[in-house]
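Shown next, in structure tokens, is the structure this report addresses.
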């Protein structure tokens, strides 16, 4: 009798586990969960809840570790533009700083513990979302290029939130989680590393702008060459049926005939796959390059930067816009310096 009961319990447990696995990996669900989603959902929820609470009500954070806390919350007097989740204090450095490592909750908040909690959970969730894209593509028999394209923004987020703080030795150097904080990070990064004069930045700008140009160009050509399936009194959009096998626009009329006649005939592509490939490849490679540039700068490898002034054959200085940029960097460095003293050090040391 006991043997029969044990077998029935084992079969029930096996059935429940198999049912759970089938539900997790089922492509018939309204939202695909997947095994990566099992980790993605709780981590992103934790990051989102902590971000909202910290953005609204976090106390001041001693981000520079010099007992001069910075207020970043809405309750502290900021608006939606200036508010941000302030990075973890420089006094913590790169140490893992969960709540139980602090002596009290007030100390954890004062040292910027929520920033580390948000960033680490968010990055885990982002990379799990990438894995979820690959997993769903695999189960549907699709190729994995959707996940490859998403790896660009995932790499960019990892670069500014994790790689750069690791290279600089402190989470206090990470990107503040806010609108004004983002621009603050950009200015400070430019002042310290002159990223605008680095080839990786040029590739990033070219890729993002090139992808935006192709997207607007292709979208406008598609809208302009829709195949009418309705009368003149009805909208052309009403002629589309979800899942229809017929094409909705004339690709050759838009790209080859129209675009080819506006410029060089070679600009008019005849293959829609080539257009969509470049629309995906340009921004993806560009953002990859930008993320690589931030990773290089994180460890102060500035050898590819154009920081030197141009001299003629007689050694005389030739002013360029690069020199203006270098001077601007020096000014931003002075403004960015924490607790800056504008007196000479020897004079300040006099009794």
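For all residues, glycine too, the Cβ spot is worked out from N, Cα and C.
Quick caveat, the model's predicted, so the values are computed rather than measured.
Sequence annotations record features per position, and here Swiss-Prot assigns transmembrane segment to 32-49 (among others) based on sequence analysis.
Annotation source Swiss-Prot lists transmembrane segment at 121-136 (among others). Sequence-distant neighbours of the transmembrane segment (121-136) (same chain, 6+ residues past either end, Cβ-Cβ under 8 Å): 27, 32, 34-37, 39-40, 43-44, 46-47, 50-51, 144, 146-147, 150-151, 154, 157-158, 161-162.
Sequence annotations record features per position, and here Swiss-Prot assigns pheophytin a binding site to 129 based on sequence analysis. Taken residue by residue with DSSP, residue 129 (pheophytin a binding site) is part of a helix.
Within the same chain, residues 122-123, 126-127, 129-131, 133-134, 137, 280, 283-288, 290-291, 294-295, 298 sit at least 6 positions outside the transmembrane segment (145-159) and bring their C-beta atoms closer than 8 Å to a C-beta of that stretch. Per Swiss-Prot, the feature transmembrane segment maps to 145-159 (among others).
Residue 164 (site 'Tyrosine radical intermediate') falls within a helical segment according to DSSP. In this view, residue 164 (site 'Tyrosine radical intermediate') is surrounded by 22 other Cβ atoms within 10 Å of its Cβ, with every protein chain counted. What Swiss-Prot records for 164 is site 'Tyrosine radical intermediate', and it gives sequence analysis as the kind of evidence.
Residue 173 ([CaMn4O5] cluster binding site) falls within a helix when secondary structure is assigned with DSSP. Sequence annotations record features per position, and here Swiss-Prot assigns [CaMn4O5] cluster binding site to 173, 192, 336, 348.
As annotated by Swiss-Prot, site 'Stabilizes free radical intermediate' applies to 193. The 10 Å shell around the Cβ of residue 193 (site 'Stabilizes free radical intermediate') contains 23 further Cβ atoms across the protein chains shown. In the three-state DSSP scheme, residue 193 (site 'Stabilizes free radical intermediate') falls into the helix class.
The transmembrane segment feature in Swiss-Prot is assigned to 200-221 (among others). Sequence-distant contacts of the transmembrane segment (200-221) (same chain, at least 6 residues past either end, Cβ-Cβ under 8 Å): 254-255, 258-259, 275, 278-279, 282-287, 289-290, 292-293, 296, 304.
Per Swiss-Prot, Fe cation binding site is recorded for 218, 276, and the stated evidence type is sequence analysis. Following the DSSP three-state reduction, the secondary structure of residue 276 (Fe cation binding site) is helix. In this chain, no residue six or more apart from residue 276 (Fe cation binding site) has a CB-CB distance below 8 Å.
In three-state terms derived from DSSP, residue 218 (Fe cation binding site) belongs to a helical segment. Residues annotated as quinone binding site in Swiss-Prot: 218, 264.
For 278-292 (among others), the entry in Swiss-Prot reads transmembrane segment, with the evidence type sequence analysis.
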Q) Which ones are near residue 173 ([CaMn4O5] cluster binding site): of the recorded positions 129, 164, 193, 218, which have a Cα within 10 Å? A) 164
**Q.** Neighbour tally for residue 129 (pheophytin a binding site), based on other Cβ positions within 10 Å of its Cβ
**A.** 19
Q.
Going by Cα-Cα distance, which of the binding-site residues (129, 192, 218, 336) sits nearest to residue 164 (site 'Tyrosine radical intermediate')?
A. 192
Q | Cα proximity to residue 218 (Fe cation binding site), best match among recorded positions 129, 192, 193, 336 | A | 129
Q. To which of the binding-site residues 173, 192 does the lowest count of other Cβ atoms within 10 Å belong?
A. 192
Q) Which one of these binding-site residues, 218, 336, has the sparsest Cβ neighbourhood, judged by other Cβ atoms within 10 angstroms? A) 336
